[in-house]
Amino acid sequence: MGLSKSFLVFFSVLTLAPFCLCYPAGSSRGGYLYPQFYDHSCPKAQEIVRSVVANAVARDARTAASLLRLHFHDCFVKGCDASLLLDSGNGIVSEKLSNPNRNSARGFEVIDEIKSALEQQCPQTVSCADILALAARDSTVLDGGPSWEVPLGRRDSRGASLSGSNNDIPAPNNTLPTIVTKFKRQGLDLVDLVALSGSHTIGLSRCTSFRQRLYNQTGNGLADSTLEASFAAQLRQRCPRSGGDNNLFPLDLATPTRFDNLYFRNIVAGKGLLNSDQVLFTRSAATMELVRLYAENNALFLEQFAKSMVKMGNISPLTGSRGEIRKNCRRLN
Ligand code: HEM
Ligand SMILES: *[C@@H]1O[C@H](CO)[C@@H](O)[C@H](O)[C@H]1NC(C)=O
Ligand SMILES: *[C@@H]1O[C@H](CO)[C@@H](O)[C@H](O)[C@H]1NC(C)=O
């Protein structure tokens, strides 16, 4: 009796072991994500994602930033469920049409390329939501940022939410309290907000996303006083009062394709590009302290960034038998 009981305990510890190395899945809906999810069902999955991402970034350096952003825009709308990737049609109104995504979100062809490579290797096994999470990590690493183990096992949504995309993703001219609230709603705190904003150490922004700061920040016809004057003058040259909406500017003017903490140093110098970047330094003592900390300590920023990415990746995943594994990331099965 005693023997078989301890055997049973031993046996169940063994069988459960892989599931105990996992991270809790941010919601009470049950189901866990863990890095070894595809180890048996598709052992080459991570290698395939990494190699397609590496080729795409070699062709176009901006792609690293664009893929990182896609995971964020996916996770903030109904959780990390690839709802962002669905095209319009068959009852779906695509999130690609929302204010934050329209003429802005990019990298969808790279996700298609990864998906078709994975479908050849292991049909209907690797979710589009997991592809987004892996591609975000691989992109960060390619630009010299930190690496982390990506918890896996997300499944893909059977719907999209245009209104969620418009309302739940923060806008660049949202106030700091609004941005904080939008992060809190996802279970992300001030530390996550500041660290994840550090993504703006890479990638580009359109003129239209920050023009208001250059000309009429508060409706009195003046530029944002927290924007360093010579930097503002430089930006006005290629971001006129009207026209040039889609002219592109690096979010981190210092090192636009290098994943480092210079984004935070820019902010301390009044050279954050977006209003949402600069307010982290000017509108709250708590976030200001964090900006200073990361500006002074790159290693600390990179470490916290990795932790916060795992946390963001755990927002309400679909697990178990919920959702589906799409064959094509743009369409329901
Ligand atoms: C804190 C609230 C945030 C706001 C208001 C915000 C807003 C923006 C805006 C307006 C752009 C430029 C888009 C354009 O003009 O086309 C942008 C770009 C970008 N964002 Fe954010 N963002 C936020 C947080 C994040 C987070 C959490 C991540 C990732 C974890 C992220 C990653 C990026 C990247 C990498 C780009 C460059 C994309 C590219 O070059 O294609 N952002 N963001
Ligand atoms: C923020 O920007 C949007 C889009 O340009 C604009 O419609 C809105 O009025 C702005 N909000 C504020 C508070 O300035
Ligand atoms: C600035 O914005 C305010 C309020 O939106 C508007 O009434 C005013 O005409 C604008 N001023 C300039 C110089 O564009």
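Placed from the backbone N, Cα and C atoms, the Cβ positions cover glycine too.
These features come from TrEMBL:
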- 1-22: signal peptide (SIGNAL)
- Cys42-Cys122: disulfide bond (DISULFID)
- Cys75-Cys80: disulfide bond (DISULFID)
- Cys128-Cys329: disulfide bond (DISULFID)
- 147-173: region 'Disordered' (REGION)
- 160-173: compositional bias 'Polar residues' (COMPBIAS)
- His200: heme b binding site (BINDING)
- Cys207-Cys239: disulfide bond (DISULFID)
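In three-state terms derived from DSSP, His200 (heme b binding site) belongs to a helical segment. Sequence-distant contacts of the region 'Disordered' (147-173), counting only residues of its own chain at least 6 positions beyond either end whose CB sits under 8 Å from a CB of the stretch, comprise 22-23, 31-38, 46, 72-73, 76-78, 80-84, 86, 92-95, 97-101, 127-130, 133-134, 137, 140-141, 179, 182-183, 185-186, 205, 209-210, 212, 274-276, 306-307, 309-310, 313-314, 317-320, 322-326, 329, 332. Of the listed disulfide-bonded residues, namely Cys42, Cys80, Cys239, Cys329, the sparsest Cβ surroundings within 10 Å are found at Cys42. Closest in space to Cys207 (disulfide bond), of the disulfide-bonded residues given as Cys42, Cys75, Cys80, Cys122, Cys128, is Cys75, taking the CA atom of each residue. Cα to Cα, Cys80 (disulfide bond) and Cys122 (disulfide bond) are separated by 22 Å. In terms of DSSP secondary structure, the compositional bias 'Polar residues' (160-173) contains 7 helix, 0 strand, 7 coil.
Listed in sequence order, Gln186, Met312, Gly313, Ile315 are the same-chain residues six or more apart from Cys75 (disulfide bond) with CB atoms under 8 A from its CB. Sparsest Cβ environment among the disulfide-bonded residues Cys122, Cys128, Cys207 (other Cβ atoms counted within 10 Å): Cys122. Geometry remark: the residue listed as 'heme b binding site' versus Cys239 (disulfide bond), CA distance 19 Å. Using CA atoms as reference points, the disulfide-bonded residues Cys42, Cys122, Cys239 were checked against Cys329 (disulfide bond), and the closest is Cys122. Proximity to ligand 3 (Cβ under 6 Å from any of its atoms) holds for none of the disulfide-bonded residues Cys75, Cys80, Cys128, Cys207, Cys239, Cys329.
In the three-state DSSP assignment, the secondary structure recorded for Cys42 (disulfide bond) is coil.
When other Cβ atoms within 10 Å of the Cβ of His200 (heme b binding site) are tallied across all protein chains shown, the result is 23.
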